[in-house]
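Here the structure is laid out as structure tokens; the discussion comes afterwards.
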Amino acid sequence: MFYPDPFDVIVIGGGHAGTEAAMASARMGQQTLLLTHNIDTLGQMSCNPAIGGIGKGHLVKEIDAMGGLMARAVDQAGIQFRILNSSKGPAVRATRAQADRVLYRQAIRTALENQPNLTIFQQAVDDLIVENDRVVGAVTQMGLKFRAKAVVLTVGTFLDGKIHIGLDNYSGGRAGDPPSIPLARRLRELPLRVNRLKTGTPPRIDARTIDFSVLAQQHGDNPMPVFSFLGNASQHPAQMPCYITHTNEKTHDVIRNNLDRSPMYAGIIEGIGPRYCPSIEDKVMRFADRNTHQIFLEPEGLTSNEIYPNGISTSLPFDVQWQIVRSMTGMENARIVRPGYAIEYDFFDPRDLKPTLENKFVHGLFFAGQINGTTGYEEAAAQGMLAGLNAARLAADKEGWSPRRDQAYLGVLVDDLCTLGTKEPYRMFTSRAEYRLMLREDNADLRLTEIGRELGMVDDHRWARFNEKLESIEKERQRLRDIHIHPQSELLDQVNSLLKTPLSREANGEELLRRPEVDYVQLTALPLFAPGLTDEQAAEQVEIQVKYEGYIARQQDEIEKQLRNENTLLPADLDYKQVNGLSNEVIAKLNDHKPSSIGQASRISGITPAAISILLIWLKKQGLLRRSA
């Protein structure tokens, strides 16, 4: 039978991608259905109990800037907050939080259940209803049919998932959850390129069996950071430390002596695992010269005795896992409460997607998360938000939207996936972005909140706070520009106390702040420049904008140049052997990829800026230089 009520958008899957997709669609006013196999696992943290990190924290801030959920949830659930790379420049600073799994899940579920236009229904999905190359609904395992104008698939590792522990394996979506086999078979019938990937998780340890007294502690930052632009530290629950131990030669001997029992090294697992989160057996073999690896013992929650040993993801047999754990300092008597495992699953080539994350071959069908070949909660959530908002726009007969590479890390993520594809689980890093100085955590709202408002994602409260912040920044910068001090001033000694080189000419507040030895708090502590802003976010923006103004202007010039490249079209039938000066490697790659524009060509691995310059000169000489409108 068909469900009595029609929907505009159906989201299949209630993980990090699915919850953001459902929230985005519902916030935009579309009647949205979230189908999940288990309502109790909405927002489940399937692997590590943490949000954020290098590149990942940037994505969380971008989700928040557009009204998304993840940052608000982790502010309510985080039990240790830190700023990574705090001693480096603002472009690469990143927020990370350990999270209480239960509190995080509760925060997500509460938000979903209180979101207007959103219906949650518990049933696994076995089939899609496709008519004339257009998806029009979904069918659950009990045969119940739902109709919708768009469907978002956020099925994580569940598509034909297979769990491996040693040489044994069984079907599963993750530990304790069934796989989605009928839906995987249905998707393989569609004209889509499918392959397999693998990821893994470490064993969980009973905290009561660890000797923490011999381990180094790691505490969070004080004052505590927050993730959401609307958040504050008073929302955080009680805080907990992490602990650090290390593998050793005994650990590595155990692993090397049992590689024949590893499903990866025995050839049982065919899927490729994440390069930047390798298993402990991979670490030992790939970095054979290292006799130790750092392992972080991370609490899973305020009321849980489970510890997540970050750094020993493994699919070795349980008896080997037991030996590995007990070989490390402080863990000599440790007990495993959940074994580590690897999981293989289907993913679909993201080059078959539009930048809106709509499938090129099945109209109205959107993919987000691990189904696109990514790894990580944050990458999934960001894609989910984008897919959800574009599904809502399609349902409303509006054009889709996708951020550019210079606008957001989400733009980098989507462009990398849709242009280059991936053969291994894709993880976000700041190094993937060309315009890191523009794509900072601290300015995610300045980049995206106005766009989110135009799209219908940002509510009145966030919009009002955003405009107050903008006004504060501009007024404060103008105030500093209007305050001058000259070498004859009686206040000169106060100012010179901050400077490495005494003031020799008249200067205003911004010029003083631009000096590397002067920070905003010091400057506004001087009577002449007091009082400073009490809004810490606005004050941070004033300092960064002033200090990095020249660098930001240069990067903006680069962006404008790159935008010209994006609009410079390449002939579809061009044989790059004709272009004098290109290396054989570059010619082969360009002929293989057939990029549609100079911008796309520039992002192909191995295509250098010099090659792009040669290509532009050749196009101009041949009279083939064309730009899109």
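Using the three backbone atoms N, Cα and C, a Cβ is placed for every residue, glycine included.
Annotated FAD-binding residues in Swiss-Prot are GLY13, GLY14, GLY15, HIS16, ALA17, GLY18, VAL125, GLN370, and among SER180, SER313, SER315, SER431 the one listed with them is SER180. Counting in whole angstrom, LYS283 (NAD(+) binding site) lies 29 from ALA17 (FAD binding site) by their C-alpha atoms. Counting in whole angstrom, VAL125 (FAD binding site) lies 40 from MET285 (NAD(+) binding site) by their C-alpha atoms. If you compare Cα positions, SER279 (NAD(+) binding site) sits closest to GLN370 out of the binding-site residues GLY13, GLY15, ALA17, GLN370. Across the fold, the C-alpha of PHE287 (NAD(+) binding site) and the C-alpha of GLY13 (FAD binding site) stand 37 Å from each other. If you take the Cα of GLU281 (NAD(+) binding site) and the Cα of GLY13 (FAD binding site), they are about 31 angstrom apart, rounded to a whole number. A straight line from the CA of GLY15 (FAD binding site) to the CA of CYS277 (NAD(+) binding site) spans 20 Å. In this structure, of the binding-site residues SER279, GLN370, the smallest number of CB atoms within 10 A of the CB marks SER279.
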